[in-house]
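Per Swiss-Prot, the features are:
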{"type": "REGION", "residues": "1-33", "note": "region 'Disordered'"}
{"type": "SITE", "residues": "Arg102", "note": "site 'Transition state stabilizer'"}
{"type": "ACT_SITE", "residues": "His106", "note": "active site, proton acceptor"}
{"type": "BINDING", "residues": "His267", "note": "heme b binding site"}
Amino acid sequence: MSTTDDTHNTLSTGKCPFHQGGHDRSAGAGTASRDWWPNQLRVDLLNQHSNRSNPLGEDFDYRKEFSKLDYSALKGDLKALLTDSQPWWPADWGSYVGLFIRMAWHGAGTYRSIDGRGGAGRGQQRFAPLNSWPDNVSLDKARRLLWPIKQKYGQKISWADLFILAGNVALENSGFRTFGFGAGREDVWEPDLDVNWGDEKAWLTHRHPEALAKAPLGATEMGLIYVNPEGPDHSGEPLSAAAAIRATFGNMGMNDEETVALIAGGHTLGKTHGAAAASHVGADPEAAPIEAQGLGWASSYGSGVGADAITSGLEVVWTQTPTQWSNYFFENLFKYEWVQTRSPAGAIQFEAVDAPDIIPDPFDPSKKRKPTMLVTDLTLRFDPEFEKISRRFLNDPQAFNEAFARAWFKLTHRDMGPKARYIGPEVPKEDLIWQDPLPQPLYQPTQEDIINLKAAIAASGLSISEMVSVAWASASTFRGGDKRGGANGARLALAPQRDWDVNAVAARVLPVLEEIQKTTNKASLADIIVLAGVVGIEQAAAAAGVSISVPFAPGRVDARQDQTDIEMFSLLEPIADGFRNYRARLDVSTTESLLIDKAQQLTLTAPEMTVLVGGMRVLGTNFDGSQNGVFTDRPGVLSTDFFANLLDMSYEWKPTDESNELFEGRDRLTGEVKYTATRADLVFGSNSVLRALAEVYACSDAHEKFVKDFVAAWVKVMNLDRFDLQ
């Protein structure tokens, strides 16, 4: 019988056909657009973390709430928790010190300096994929142990801050003196979708160091925080692990000394867990049944907890005092001879064959063990460069303590951006080069000063294109992930930014603005650069018949060259900036995807990205002065011409060569080439979502709205690093 007959019969019985059958009709079920078109442009990445997902609302002020926190009482509660062993997850040696250090470490350790994404700054360990990564087994228990404290203090302390503070308190409770703690990490309420964790489809897929160099992600295997502790691809070879260790720690901005200190310091306390084979371990939190309530990795081996716990599958205790800080890691590393063995779970590890039984059992005081080490621990002894550092730390424990304190602080604060974002009573006074330090302000320009400066800029002979371009070049280095870059500091005038190809305009424009700064001595160069953009946009809007005052907030300062880490700032150089029609390499993603990436780093929404590109094109801000995307006969006028001409069916677009990167727009009737464009231009007509936005600004009644929206988005970018205004 046909489907039609089936439906007819159902209707004739009075039953609704849509209530029959077993198909999943819930929202979001079924085949999605990305199933049909897997290469679909990810415009949705620009819609993350909106107020619609934030239960606290847009008026919530975390810094204000934190100021109400009884910080001393919170630390006291955390200290008490460390020895309050719970039967559902008993503490090793009666202390959660090692567990909380690992939780903080693995939260921060996803950071990578190449794009500033990852890290502990938003409490992402609560969400997939990190909450269910193979390397994060049992950290769900650490977070549940913290819940009563989070519940007690509520919104006065974010999860993101609490995770790191718990690690700090654990170190302090072990007798270690930390470098300090800066709060200020604000929670988000959904997983980050923009972080590229890699292309692998299976957990623990090995990445060769050469591949890591081309795509510097945070780990050497999918699902790990750093490296495989059994060596690359479970090789069991300490020496072969050296390259992987350097690659992954280097991708976080760590040098060899910091790397050695972090590995040794992290392995001075606690243990790994590998009581039996991984086959006993159940589903991770995301895959666990609903009754598990977000807990995962339930073990069927013995009690499943305590002495029977399975986490990494390795069963290693490094030191004689696993809950107290010591130099035993290095002492044991060099004192004993190590032989390869296997854990009860079958994982490769090393045992000190000539050592007495000096390691306490975590649950039976009558038992002792020989010292054990991970494959990657022995790398610190057998790699020549790591060995030099390790022996120095062996012979100078104070140097080790200082190095670890600083490296731990860097690890846990690396993605927070400038020190101006830190809050709390334990913020260190010392400025550190990786914080991109800035000097104290020298100027407090008045409104009259600003008016006079604008007049001087307007009379300088600079074009609208030059003024707008130099301001964008200065501000657009900002990265929302780790809050680095931006206009404050005027680092556009310093190495390495002044020498980037994309910033060619700086060589022409900065000398003019520097002369104005010296002559007037009323504002910083950083402020004058941004003010030049203000002048350019106001002139362009006036030429379009719209009188508008572009908001300007003075107060920026000028960084010195010695406050600028050239190597680390080199990572901010864009491989593409679609706002300026710039692309340095064609072997990395598509031009339009890189435009989305840039917009996401600038925390822009899709409408903001759209209006900025359209406005910058008609203002002639292409990095090389080309006419690509300049769809107007009146450049320098802040018009909607980009959108109107892009969507005009009078033109037909065709690629100029097989690269499909550059296109010609020809008149359909005459065949005459009217415009040229890149993929960063044409995407606003080809992508259905972006075309819908472009159509808004192409309408005849959109001109005033366009100018206002452009100015609002522009000011947002100029002030992204003005944390003093936020």
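Cβ from N, Cα, C; glycine included.
Structure with Swiss-Prot features highlighted.
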| residue | record | Cβ neighbours (10 Å) |
| --- | --- | --- |
| Arg102 | site 'Transition state stabilizer' | 25 |
| His106 | active site, proton acceptor | 22 |
| His267 | heme b binding site | 25 |
According to DSSP, which of helix, strand or coil covers the residue listed as 'heme b binding site'?
coil
How many Å separate the Cα atoms of Arg102 (site 'Transition state stabilizer') and His267 (heme b binding site)?
10
Quick one: Cα separation, His106 (active site, proton acceptor) versus His267 (heme b binding site), in Å?
13
